[in-house]
Amino acid sequence: MLFDTDTRSRAIFISVTVTFVIASVFAAGRLISRFGIVKRHGWDDYAFIIAWILAFGVSFAVDFSRSKGFGLYDDNVPGDWEAPLLRTQNTAIVMFIPALMAAKISILLLYLDIARQSQKFLRVGSYVTLAVVSVGGGALTMITAFRCRPVQAAYNLATQSPSCIPFQSIWLTAWPINMATELAILVLPIPALTTLPLTPLRKSAVILSFVLGVVSIGVIDVARIYSLQLAVIDSEQATGLPPGSPDLSANASMALLWSAVEVNTAIIGASIPTLTPVIKRLTPSKALHLATRGSTRAFLLLFSSQRESRNSPSLNPLTHQNNQETGCGSGVTQASTAPTLTGDLEPQLNGGAPQQPLASDPSREHQHSVYFGFISMERPKCIVDISGSESVKYCLIINILLFLNGFTYVMLFSINGSLPIVKTRTQAIGMASASYIGAGIFSPSIGYVVLRHAGLKATIATSLAILCVGTLIFWPCGAVGSYPGFIVCNILVGASLGMMEIAADTFNSLCGPPKYAVVRVLLGTGVEGVGGTLSSVIAEKILSIDVDDSHNLVALQWAYLGIALFTVFLGLLYWYVPLPQVKDSDLRTRPDILWVEPSKKYLDVLPVIFTTLGVAVLSAFCSAGALSSLRNFIGNVLSSVSINTKTTPKLAISDFQTSLSAVYASGHFLLAFLCLLIPPRVILLLVYGCGITLAVLIFSFQFPSAASIQPITLAFSILEGPIPNLVFAIALRGLGSWTGLACCLLVSGGSLGACIWPWVMLTVSRGNSAQFTFCVVVALFAVGSIFPLYLNLVRSAHSRERPPVWEAVTTAVRQHVSQLQV
């Protein structure tokens, strides 16, 4: 701990008292501003008052318990202090979550006030976060209040045979909800605030006033969770002993200290955005008055709780802004479209003196100018009009996101692999299958709705948000060693990965000339594989630590917080990147991008376009299942051959798996190059042949040594590794407005195949040799090859375009011949 005996107790009293006094000063400033100066108040202010009252209760309980020995070891606490100490301590524990919940509700209601009639992102996000805060906070409050059986055992040491849930475990469980909602509260207003018609300096001040308080809450929350985790490690309280177990006060003291400080900081954070009118009244300097005039007007308008009629014009500058995508290529709401805050609004502040406008007339701004308000960027064209040279920069932006996504995903699972959670083969397959379930079931159902109705950026943001939540949940699950918790986390992370793949593959397939669609998709997935391989190498060679030491385990888990914060930063960054939007309305108006007429049918019954897609989904289901099974059970084959031949493989299993990842990634680039020269359907048939050959060799060949298996597997894997993504790329080409739906179906089919077939392999392996189980892989590759056979044998199943290089050569020869004839 940081302090000892009396010093610790005194430090707790001083810290809690000082932060509560500061929070009360800020609270008074907010109430004076809202009730006295602006004279506009609403439910957010009432929730704020409740939060301050609860914060007073938490601070008073902690301070009072200090007089009863709080912060001291139990050996130093007199016997007559134990009962009142336990009561006040548990009072603070129970009041903490509702106090923090009320402060967050106050902030979110303020956001909803800002986004009354527009700013759909802020409004919907605030409602979702508000629901999570309310439901999660209410449930956790009830669990905390009734954590003991009988209930009075939490307050009465005389209770016989009590059974209690340690409050540290409850707070560890609640931490992902706290941190996720704090990050949401941090991010939600930024897109709206960047559209304010203010100068960059004033706009930065407005944004800072919002994020400063939330960042402070997050920092205190991290300190609190760290002290909680140390308490779980160092205290027998975590084993489920009753509240009267030894050293309860000493182990709980630092956690309760940070909890009280966090609640007080939340009061400060909820007050800061509303203090500008008070600051203006208290600053006599004319220079400062002029400097803050524009931001003050914006604050007064933004934070008005006065409900206006739908028929009357709104004074809120954000309510006139349209953050909907109004056409192909429109992205984030532009600052140039914001209304002007003119002098006729100023009488609310300084007696009606006319003022100069804060922003120029929108009509004077160029229609293709500002996105972020700080950086001038040109609006992108419609995605179906992007030329080959233009598509390079946009696809590069998406591929960078894929690289970072692959890096983050593999790093996350490398950290998970370092934790002593998985102990059996069944648990290992179950852990991997959980991520595929998320990608196969949840990502298509959520991703398609978001992609169709909200666009590409919203899909990326939703994917990163789910990844952030899943990453945050990993921390408490690792702290308590919960395997079911890891399953839930893997489902969330898998859903995030699947949604990102849906967004990226759809974009790469549509952005640019259709003849290069397969090449773009393969390059994107190859870049993602490179990121994953690099992350795997870093995790194994650099970040490996001894997890048997509990304190090292705590240090390792800080990586979860780093990954979560990185996803938040990445989401904000890509929200402002000018990307062409994927919109059904634009794709429907361009029938020229379809490779076949939708009305064309086989035998006047089966539409050609959907028959081809159905066969592709089957192929993705089989090929992804085959590769997943191969990677899960190739280690069994190596071990079996090693025992039978009394030889050892050249590479350890972990190094061999990393080598397979690198080979798979390089295979995508090789196939992307070959697709420029050879029709992709022919390449797909050849690589399926390689997959069948490798599976047959492993199934039937008697290897002389374990070392001979690895080079053969690596050699064939360079061609068979990209099979599922090559199926995706071919199937997505020329689908027009059905591209998003097709991508969802393909991702679902591939992910479910990777989830199901390893369990079939596990069942077969229980009664047979390790090599015999690869008969399943042979069968899967054989069934999956129906798709390339169908493409090559059925003429109407593919477009008649030649590979790009041959088409360019043919065009050049024809032009040369025509010139000679002339």
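Glycine is no exception: its Cβ is also placed from the backbone N, Cα and C atoms.
What TrEMBL records for 12-33, 92-112, 124-146, 205-226, 255-279, 396-416, 482-504, 605-627, 685-703, 709-731, 738-759, 771-793 (among others) is transmembrane segment. Feature annotation from TrEMBL assigns domain 'Rhodopsin' to 30-281. Taken from TrEMBL, the feature compositional bias 'Polar residues' applies to 310-340. Here TrEMBL flags 310-364 as region 'Disordered'.
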Beyond the flanks of the transmembrane segment (205-226) by at least 6 residues, Cβ under 8 Å: 107, 171-172, 175, 178-179, 182-183, 185-186, 189-190, 193-194, 196, 198, 255, 258-259, 261-262, 265-266, 268-273, 275-276, 295, 298-299, 475, 554, 561
The transmembrane segment (12-33) vs the transmembrane segment (124-146): 3 or more CB pairs under 8 Å: no
Stretch-averaged pLDDT - the domain 'Rhodopsin' (30-281): 78
Candidates 92-112, 124-146, 396-416, 605-627, 771-793; stretch with most C-beta pairs under 8 Å toward the transmembrane segment (685-703): 771-793
Close approaches to the transmembrane segment (771-793) from elsewhere in its chain (Cβ under 8 angstroms; 6 or more beyond its ends): 612, 615-616, 618-623, 625-626, 629-630, 633, 636-637, 640-641, 681-682, 684-685, 688-689, 691-692, 695-696, 698-700, 720, 723, 727, 730, 753, 757, 760-761, 764-765
Any contact, the transmembrane segment (255-279) to the transmembrane segment (605-627), with at least 3 Cβ pairs under 8 A: no
Distant-in-sequence neighbours of the transmembrane segment (605-627), which means Cβ under 8 A and at least six residues beyond its ends: 594-596, 598-599, 688, 691, 695, 720-721, 723-724, 727-728, 730-731, 735, 738, 742, 745-746, 748-754, 756-758, 777, 780-781, 783-788, 790-791, 796-797
